[in-house]
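Shown next, in structure tokens, is the structure this report addresses.
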């Protein structure tokens, strides 16, 4: 058989499919075809009508004195205003300008193609076992991990390049130190209790490296010590944990909002809780005394052998990982909608407050909820399958969603040109 053989054929076919289906996107369908709706901020004209603020007629040039030197019109309204926001469906035009939108499309679509390549390769190798061949599907999986790491690094970079993100930077530094300590504590646990796989991998690498050096006529005690290797692994794990600090907070917040939104539906609430807890359950599957020992070693009363073999247990872990991905993808639209609904809930809470607020601050309360975090929600975790989303597992983000259509444009102009959602992506806020 030629070099790589059928694996190379599968790869070339998938590359051709990616080129032919470039105009079709599973990620775009997830985002724009799930009946998500966003809230439109009230215009200045609507706020003046509700608050009883007299409308001043502008003289001379359009915009009058309220927009002199490009400054928007500002006035105060009572916080107790009864405002019912209008809704509009989320379309591709609403999200195409958002920051990291292209990265979101790429990582989700490429992960889907990678999953197809992996499944096809596994089916082939189950029929025709590999003989002195490299599993090319692992290269695809490695690329997904690298792309995910790059996107998460770009997201975290925002906190270190902005002058207003001092608190976020401090949080990231503290998180790095905490995760580094936890990682070093985990790595000293015996392989008999925790299936990290570092010790067997190091022993195999040490043996092969020593033989290679001997064949080359070099005298050496072998590669770096196991302690140095574990230290660098702990640093790597701490970096990954730091990258997931704020995405993890966002996932937790979206989960809380989703439970409030679907609190009356017991089935959906159960699915949401299962979705949130599954990453922790998956971690427990690598703790030998808790799971593997009871399922593959211990023989319960009335039975002659354990519940499953070691291979069956590994298959169970793989199935649970895939199930977690499917559940997360299925619940992703509901969680995003619950996050968008926070705009109306914010105004409902504001009704109970006394005092006054400017029209700009009130409008920003609505537009801030349009800052999706799609990449964070959908990017795979470089550590494996994580609560971060699919297909490993919060999610990206950007500037606000614009008002589209002639009627909405007219409403914005009537309101004094206060279209805060038309800010360029480069100016989009990146709140924690």
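Just so it is clear, glycine is given a Cβ too, placed from its N, Cα and C backbone atoms.
Under the heading compositional bias 'Basic and acidic residues', TrEMBL lists 65-74 (among others).
Feature annotation from TrEMBL assigns compositional bias 'Basic and acidic residues' to 368-386 (among others).
Look at TrEMBL and you will find 404-426 (among others) tagged as compositional bias 'Basic and acidic residues'.
What TrEMBL records for 55-74 (among others) is region 'Disordered'.
For 368-432 (among others), the entry in TrEMBL reads region 'Disordered'.
The transmembrane segment feature in TrEMBL is assigned to 6-31 (among others). Below 8 angstroms of C-beta separation, residues 90, 92, 95, 104-105, 107-110, 112-113, 116-117, 120-121, 124, 128, 133-137, 140, 329, 332-333, 336, 374, 378 of the same chain, each at least six residues beyond the ends of the transmembrane segment (6-31), sit close to that stretch.
The feature transmembrane segment is assigned by TrEMBL to 104-124 (among others).
Residues annotated as transmembrane segment in TrEMBL: 136-153 (among others).
Through the fold, the transmembrane segment (173-190) approaches residues 196, 198, 230-231, 233-235, 237-242, 245 of its own chain, all at least 6 residues removed from its boundaries and within a Cβ separation under 8 Å. The feature transmembrane segment is assigned by TrEMBL to 173-190 (among others).
Sequence annotations record features per position, and here TrEMBL assigns transmembrane segment to 227-249 (among others).
Residues or ranges marked as transmembrane segment by TrEMBL: 270-287 (among others).
Among the features that TrEMBL reports, transmembrane segment is placed at 315-331 (among others).
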- Note on the structure: Residues outside the transmembrane segment (270-287) whose C-beta sits under 8 Å from one of its C-beta atoms, at least 6 past its ends, are 193-196, 251-252, 255, 258-259, 262, 316-317, 320-321, 323-324, 327-328, 330-331, 334-335, 385-387, 393
